[in-house]
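TrEMBL has this to say about the protein:
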type   : residues : note
REPEAT : 1-31     : repeat 'ANK'
REPEAT : 32-64    : repeat 'ANK'
REPEAT : 65-97    : repeat 'ANK'
REPEAT : 98-130   : repeat 'ANK'
Amino acid sequence: RTPLHLACANGHVDVVTFLVENKCKLNLFDNDNRSPLMKAVQCQQEKCVAILLEHGADPNLADADGNTALHLAVISPNTSVAGLLLEHNASIDAQNKEGYTPLILAVSEHHEEIVEFLLKKGADVHARDQCER
């Protein structure tokens with residue numbers, strides 16, 4: 001893990017700001033194949049998510065399971081973080097290694113609010129996972 005990963009996971013907004021303003025690399029992976037943005041999303045550090053996105057972090061990188069930051073936001077479930085990601089061109093229909101899009105994942109997790117949110121944002125209701133479900 002990089003200092004940026006740790007600062008994002010722990011919500012140290014001032015440290016994240018300092019690091020990104022001093023041009024640290026935003027898209028490096030840790031041992032779990034997660035970027036600092038993914039760690040911020042996973043730990044529900046919304047301010048850190050916003051800072052990273054404003055400075056050009058890639059919202060479409062995938063971890064070892066093929067999950068993007070939007071998949072992780074859906075698991076939380078956190079509509080405000082999901083909204084931030086979509087505002088910064090996160091792929092709403094990205095598929096993980098099981099073929100799950102964020103919408104399929106939200107449905108499988110029974111997160112009704114985020115399901116409605118994704119549908120309003122244009123998620124593909126006809127997407128299918130690898131088992132054609």
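Keep in mind that glycine also has a Cβ here, set from the backbone N, Cα and C atoms.
Whatever TrEMBL says is automated annotation, not expert-curated.
Same-chain residues lying 6+ beyond the ends of the repeat 'ANK' (98-130) with a Cβ under 8 Å from its Cβ atoms: 65-66, 68, 70-71, 73-75, 77-79, 82-83, 86, 92.
Taken together, the residues of the repeat 'ANK' (1-31) have an average pLDDT of 96.
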